[in-house]
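Structure first, then comments.
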Amino acid sequence: MRRLLFLLPLVILVVGVQVLTDWTDTRYYLTQLTMAAYYSLLIIGLCALMGYTGQISLGHAGFFAIGGYLSAALTTRNLAFFQDQAFFRLLEGAGILATGQDIYGAELVVVAPWAACLVAIIAAALIAWLLGIPVLKLKGHYLAMATLGFGIIIYRIALASEYFGEADGISEVPPFLLPFGLEVSGSFAVREANYYIAWGLLIMGLILLRNLIDSRVGRALRSIHGSEDAAGAMGVDTARCKLQVFVLSAVFAAVAGVFLTHYNGGIGPSEAGVMKSVRYVAIVAVGGMAHLWGALVMGVVLNFLSLRGVFGSYDDAVFGLILIGIMLFAPNGVLSLLNFSGVLDFFRRRRRRVKEPGGLR
Amino acid sequence: MALLAVSNLGKQFGGLQAVSEVSFSVERGMIKAVIGPNGAGKTTLFNLITGSLTPSSGSVLLDGRDITGHRPHQIASFGIARTFQNIKLFPGMTVLENVMIGRHIRSSGGFIASMLHLPWVLAEEQRIRQAALERLEMLGIAELAELEATSLAFGQQRAVELARALAMEPDLLLLDEPAAGLNIYETAEVGRLISSIRQLGITVLLVEHDMSLVMDISDEIVVLSFGRKIAEDVPEAIQSNEEVIKVYLGE
Ligand SMILES: Nc1ncnc2c1ncn2[C@@H]1O[C@H](COP(=O)(O)OP(=O)(O)OP(=O)(O)O)[C@@H](O)[C@H]1O
Ligand SMILES: [Mg+2]
């Protein structure tokens, strides 16, 4: 439990912000903070891939879209039409169908959100796996190329397919019911709860990734980043490790996509765009690449500003500019400019000493 | 049975035959050296044995098992560790963390278990740390544990790389020019170290240019020239071998 103490300031901040919006009657901020948290979930997953394994993905908006679009389509597309087909009865028997009425009062049979969510995440993982197998056997930055192509394909599919709503995307996506009476939806009545759901998910993701990086597997990942030859000579199965992180980061993206889509009640093709993927890469870079905290802070701040419309119609351009600026002036992230990292290192070193076994002088 | 048996090993780079029909074997518990002029194919030979390169021909047997063409991480897990001629430490990681990676094949915490920090994973982490510290102490560099590995002096980096390889508890250790760039005192220290590594039950195959070191510590020597084996014998015999002398004087 001591290990989780590092989260305390973050938890206090999250609660503090909510209380503050309550006092100052600015609860509308919670909406963007909720959305920013979901985007940040994707971003910390991408950070694990980029920062610690040294692989770049320009297709993470694609995985986000697979999560969001699949969950949206499955929970809105009426299956009533297929009622007397075998697969329908199979799904019905498995209890994964939900019935309701559409806006005209006709019978609506769709896949239950939890099942749709599961399918969407598994699909994203599977696609990442299939994409990664051939590409990650190679040394170098072939993943960037492959994921760029993948991202473009996903975008075109979203835009061209009637099933996915073409340019309009999918709307009327139902709430996603969670245990304890919670629901992921954008309705005002559950705004606070959704803020906490999103941040809870983000913090959980952060814990999982931090644990991973701070472990045998995490060391292996960082060693691949340092020298693939030496990592291999140490017995690290570099191809497998890279593949695992890639799939994991795709799952993080898909989960973010599913939740944000149910929260927003819909999803559109802009979420699948390559510019979105570039934006995520830029944010990880601004955060300092191998810096989960940096990625999280930058993910929340920049997405919040973007969602508030601060960047206006130059939104995408701003992120392009950020990417260029970072590469030129602060390759270690903006936090390094504030010389924050010195402070972080100080704490890190102290923590390490505490963790050491008694045998060490 | 020999621990390592290399037979008719060959490697071609385009038109260049870097290693050509090389055969020799290394008995368990031995210190064996591979010498030869620059470009003779020594490092290539190591890369073939450890799977960094795939042989064009021939085979490599470890303890009777054919390991030819296996991937490097598999060969590492079969019990072969190595160091690199141009040191390859992991940047951005401490000395201790570098050596802890040497315990990779001796531990098993997987992806999911690591993410959840299951109790057994944390216990294993302590054992990894302890084992790595022991190797650092053995090499007398324990006080460097928390420093960034790539920021160290050259000789110290060599020591860290050696500690990392030893942490793997290999059966066979391949050292590619362990004394290169070291002064005579450090070289003598490396000599003592290699002898003590043998005491741990680790068989050593090394490439080295420092002749006095090689003659001092090796049981047997293989001489390569232009990718071919031109001699294989005990040090005294190598010193008086006509062909070897010719190759070295003609250099
Ligand atoms: N990956 C490669 N591609 C092409 N040629 C290579 C490659 N690796 C080595 N060579 C060539 O193979 C020959 C043998 O090189 P190698 O590095 O094995 O020699 P060496 O005996 O280790 O030399 P040194 O004592 O300088 O380390 C050289 O001519 C070298 O240029
Ligand atoms: Mg060499």
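Note: Cβ is positioned from N, Cα and C throughout, glycine not excepted.
What TrEMBL records for A:29-49, A:61-83, A:103-130, A:142-159, A:195-213, A:243-260, A:280-305, A:317-338 is transmembrane segment.
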Subject >> Criterion met for the transmembrane segment (A:142-159) and the transmembrane segment (A:29-49) (at least three Cβ pairs under 8 Å) >> reply: no
Subject >> Annotated stretches the transmembrane segment (A:103-130) and the transmembrane segment (A:280-305) touching (3 or more Cβ pairs under 8 Å) >> reply: no
Original post:
Given the transmembrane segment (A:243-260), which of the listed stretches A:29-49, A:61-83, A:280-305 has the most Cβ pairs that are under 8 Å apart from it?
Top reply: A:29-49
